[in-house]
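According to TrEMBL, the features are:
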type: ACT_SITE; residues: 169; note: active site, nucleophile
type: BINDING; residues: 197, 198, 199, 200, 220, 221, 222, 223; note: substrate binding site
């Protein structure tokens, strides 16, 4: 069997990216894509690669996942994450978890160490303890920016919906040299959300889906809208009908917009290693590596291309 050429695609969330945050978001998705790609180049699995890429963005305060997550109505961080293996449709997810640095690691453990697919809140917390995942103080995950925004949203005349425009959910999809696909998605959710609100991210078929028979996708955007149309699975359905990743993504995003008025973004890779990064919002930070070339952008129609070697060199110089 001919070896597949590995591909990784990552997103750092769809929405509105403020000017002063653009560089950080670009650098963050590029770093994540390069890290995931290096896992694939060393013969690592697609699951390893997407976990590594997402972990990198969870640790980056520019994104609404892990450190830098938005705050719920009570001013706390509650995070959701999912990971899925396209080989056998195994998946693991966690929702409403607090006080851990990398929810995606916990989701992977749910997939590999339990018979379940989704653990929530207190149960997820007990499982994390049992797995020896270090607990960190909740404040460690809170950035000045998240707290500012939370306060703003508490003002009587504020409209949190207005602030939902930069929903920095993070995600990754990959295909490895064996032809296995995987997806991973992680988020802090909606700013000032009700306690216990779970969005699309933790829900299989909405926040992500991976199946070797068609491909893998990870989504970002308005969670409730994504759940209504089961966006990730819908895209794969379109690809099963013969659409290219790009057309499938656009068709599904268009349906979500016309049917429920929801905006979002998606990254896709199909079983042939073709990829797409598409969005109906103003912006979405994304990056992909294929054939040792890095592509990345934030605005519609924007696409920079660098060789991986060049990108790694500027990484080391601190961008």
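Glycine residues also receive a Cβ, built from the backbone N, Cα and C atoms like all the rest.
Of the recorded residues, residue 200 (substrate binding site) and residue 169 (active site, nucleophile) place their C-alpha atoms 10 Å from one another. Residue 197 (substrate binding site) sits 15 Å from residue 169 (active site, nucleophile), taking the Cα positions as reference. The residue listed as 'active site, nucleophile' and residue 221 (substrate binding site) have their C-alpha atoms 8 Å apart, to the nearest angstrom. Residues 197, 198, 199, 200, 220, 221, 222, 223 are listed as the substrate binders, and the farthest two of them sit 16 Å apart at their Cα atoms. In this view, residue 220 (substrate binding site) is surrounded by 32 other Cβ atoms within 10 Å of its Cβ, with every protein chain counted.
Long-range Cβ contacts of residue 199 (substrate binding site) within its own chain (separation 6+, distance under 8 Å): 80, 187, 189, 190, 193, 207, 223, 224, 226, 227.
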